[in-house]
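Visitor: For reference, Swiss-Prot lists these features for the protein:
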- Gln87, Gly105, Glu106, Gly107, Lys108, Thr109, Asp516: ATP binding site (BINDING)
- Cys884, Cys886, Cys895, His896: Zn(2+) binding site (BINDING)
Amino acid sequence: MLKAVLETTIGSKSKRDLKDYLPTLRNINKLERWALLLADEDFSKETEKLKDELKSGNSLENILERAFTLSREAARRRLKERPYDVQIIAGLALHKGKIIEMKTGEGKTLSSVQAAYLNSLTGDGVIIVTVNDYLAERDSNWMKPVFDLLGVSVGVVLSNMDYELRKAQYAKDITYVTNNELGFDYLRDNMRYDLNEKSLRKFNYCIIDEIDSILIDEARTPLIISGPTEGNTNAYLEVNSLVSFLKECSKDPKTGDYPLEIDDLDGDYTVDEKAKRISFTAKGLNNLEQLLVSKGIISGSMYTDSNFNYVHYMTQALKAHLLFLKNREYIVGDSGVEIVDEFTGRVLTGRRYSDGLHQAIEAKEGVRVANENKTMATITFQNLFRMFDKISGMTGTADTEAKEFHKIYNLDVVVVPTNRLLARIDEDDTIYYTEEFKFNAITDEVYKTYKKGQPVLVGTVSIEKSEILSAMFKNRGIKHEVLNAKNHSREAFIIAEAGAKHAVTIATNMAGRGTDIKLGGNIEHRVRKKIGTNVSLEEFQEAVKNERENYLKDYNEVKSLGGLYVIGSERHESRRIDNQLRGRSGRQGDPGRSRFYVSLEDDLMRLFAGDNLRSLMGKLGMATGEPITHSLLTKSLINAQKRVEDRNFEIRKHLLEYDDVITKQRDFIYAQRNSILEDTAIKDRILVALEEYLSFLLEGTKSSTVSNVFLNEVNSIFAYMLESLGSIENISSLDLKAKLMQIAKANLDEKENLIGRDLFNGFLRYEYLKNIDFKFQEHLANLDSLREAVYLRSYANKNPITEYKEEGFSIFSELIKDIKVSTIRRVLQLKLDSNSSDFKSTKKSRNVKPIHKELSGIVINENKSASNVQVVRSSPKIGRNEPCYCGSGKKYKNCHGKS
């Protein structure tokens, strides 16, 4: 209430920001006459002047008005488009580190030019992030003539580029790149074994296009670089055949809920559709064990080390059958099971679900089951973009998520007014009792509109629903196009003609499509279709000019019919995604219309709407197929979406709390790697680490005594070198430490003299980095296990995140110690042959291919190159099952054989 009163009296934060930009806008408009008088060759000279001013201590704010004026005039000259005042305001907001909400067709791409140009003048680089390669390449090519005139370089990073080309592109003043490629390049850079192989420079300023898609929709999507691991792929085939033998617990037919008392659960497992979780009952675990034994899959107890993984395999198999459906979450294509993006409807080529879920789906679908992967490096988009000194973003829909943007990223949303008033009519939702009634009504409405000639865009949430509607349209004789993950190769053509007269298009989610639907069709696409692509730019422009009269005739005819009619076949979980679909109509002041059709069988209503709605709607007569609008129903629909949005926000916030623990540890590890990469005296670093560790072992002991723990650890580190130590009777701990340091130094000096200082430093660097990477990979797996463990502690009234932070810190402290000790042990015990002269500072270029994590992560396979160092053993190889040489009593494979 107070917020509403304040906004009425002093305006919202967004409106106050807009008002603050007006004086600057007026000054930019006044300077326009100055820019009009400049010759083309003067623009790069003016750019150099602005750069010199910054080097002399001037600020970006003091040169802002001139920079914006120059870039506006450059756009007018090269693109024949003069940015409107609202686009200049949007550019100002982007420079200030805000998120701008601009409606579809209002020119977000051009609005980013001014902010990108201004911030590029510092020389620290600007990154413009897009959601796919097509948009990155399109936008960079589109804006390149503007930046060329201004004298600033522009580059683009695409998924098929090698690291050398990437490095060159990132070195440009302004670089276009997708969020995925940027994240992977950051992870890859921090797995390099040579500083010169790094492609990125310091994160300075970035502009994120479709920022809501990247920082909200994909916030739960960890980027993962992984390597192959030995997995029991046959197990997924074995348990897949057992799914039908297990039974879901019964639900209350009235509420649709399971009994609250555990003893009342009568089945083997429960299903949580909202959280996509399967939980076994005690009875279910007993039945699973009996099944596994009776089918000869295991022998003995299911709870032994060798058998307990079958609980995980079975859980994933049930998920695959009950929660992940073909043509909804994935399709089966030529390359096997392919994930479909929930928000865009596109196939996520090469990505795989993690934790064995993808293998379970492959077993379900009868395709080849691939090996699992282990995580080598990971980061979320939340923490990737928080590393930039300044970030801003743009989208057509951000205001509904303003609270989350502010709380998580400290970013404010500025709603930029349209250049022309919005003429689209947004109709009230039409609500039906069943999905069948709803689809019949949509078909009737589309048929009527199609006969009139008005173009229609029908949005669906899955491939399955798009194919149902397509079949119904075909039966009614409605000529139409279908845009979904199965035919995404025709996307450009389908979207180009979606605004033409009589066009009917069924699209599976329009979020992130990045292409405007123009009334009357797309003139450029129409011309390309007529004259082909092998023509000069001048010929193409002439053909466009000749076609314009016909195009304007079609445009005006479609406009008179009411513009594009958008029909939503159901409500999405997020109001923002619904708004994105609506926003395809009514661009730049064009007329348009939108309406959503909803049924009680839609996932949103079924999972999140109130329990009494179905009986109420039956009483209102809807069971007969009649639609209804009612304030209670509308309110329930809005509340259902808000509940989902709030729940998803809490999930993302919770994820960030866990991820912050990993982030701090990853930052420390990567800082250590960088320090080692730059270090020209790693031998000294290793000796310092050894002295610190020996001192740690001696803490609390008397100087005259040496503990057995100390001796055992010394034995494990120095091994055969202790022969030169002689008797240690009657030697103090401090004297022993000094002698050990002498032995270590002599050992390393001898190796350094053998192959040379630079070569030896490279060898030590390689061993240190290899150890860090290997141990950190194990640590990430341990953190995953810890997270699963602390989740269960909530049942004991313990705070899982507190437990995770405390234990995570403890195992990280052990990791740091283990890295140092295992590196010291290895470099001391290895002998370098005098023929090792071919060893060079080891480079580890990685050939990676993007793969996906369960809720949506991306996994990359890593191919490790072998080192050229020749290693000669000083003693016979120890068998994996023999006692470890350190005296711990463990088998070698479970002790020092791990490293």
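Cβ from N, Cα, C; glycine included.
Tell me about the setting of these features in this model.
Guide: Long-range C-beta contacts of Gly105 (ATP binding site), restricted to its own chain and to partners at least six residues apart, with a cutoff below 8 Å, comprise Asp516, Arg587, Gln588.
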Visitor: Please work out the number of neighbouring Cβ atoms within 10 Å of the Cβ of Lys108 (ATP binding site), leaving out its own Cβ.
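Guide: Cβ-Cβ neighbours of Lys108 (ATP binding site) within 10 Å number 25.
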Visitor: So what sits near Gly107 (ATP binding site) in its own chain, CB-to-CB under 8 Å and at least six residues off in sequence?
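Guide: Gly107 (ATP binding site) has long-range Cβ partners Glu81, Pro83, Tyr84, Gln87.
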Visitor: State, in Å as a whole number, the widest CA to CA span among the ATP-binding residues Gln87, Gly105, Glu106, Gly107, Lys108, Thr109, Asp516 given in the record.
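Guide: Site span for ATP, by Cα atoms: 17 Å.
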Visitor: When you average the Cβ positions of Gln87, Gly105, Glu106, Gly107, Lys108, Thr109, Asp516 for the ATP site, which other residues in that chain have a Cβ within 8 Å of that mean position?
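Guide: Nearby residues not in the site list: Met102, Thr104, Leu110, Ser111.
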Visitor: Quick check on the binding-site residues: of Glu106, Asp516, whose CB has the lowest count of neighbouring CB atoms inside 10 Å?
Guide: Asp516
Visitor: Take the Cβ of Gln87 (ATP binding site) and count every other Cβ within 10 Å, whichever protein chain it belongs to.
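Guide: I count 26 other Cβ atoms within 10 Å of it.
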Visitor: Output, ordered by sequence, the same-chain residues six or more apart from Thr109 (ATP binding site) with a CB under 8 Å from its CB, or 'none'.
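Guide: Within the chain, Thr109 (ATP binding site) has Cβ neighbours under 8 Å at Asp139, Trp142, Met143, Asp209.
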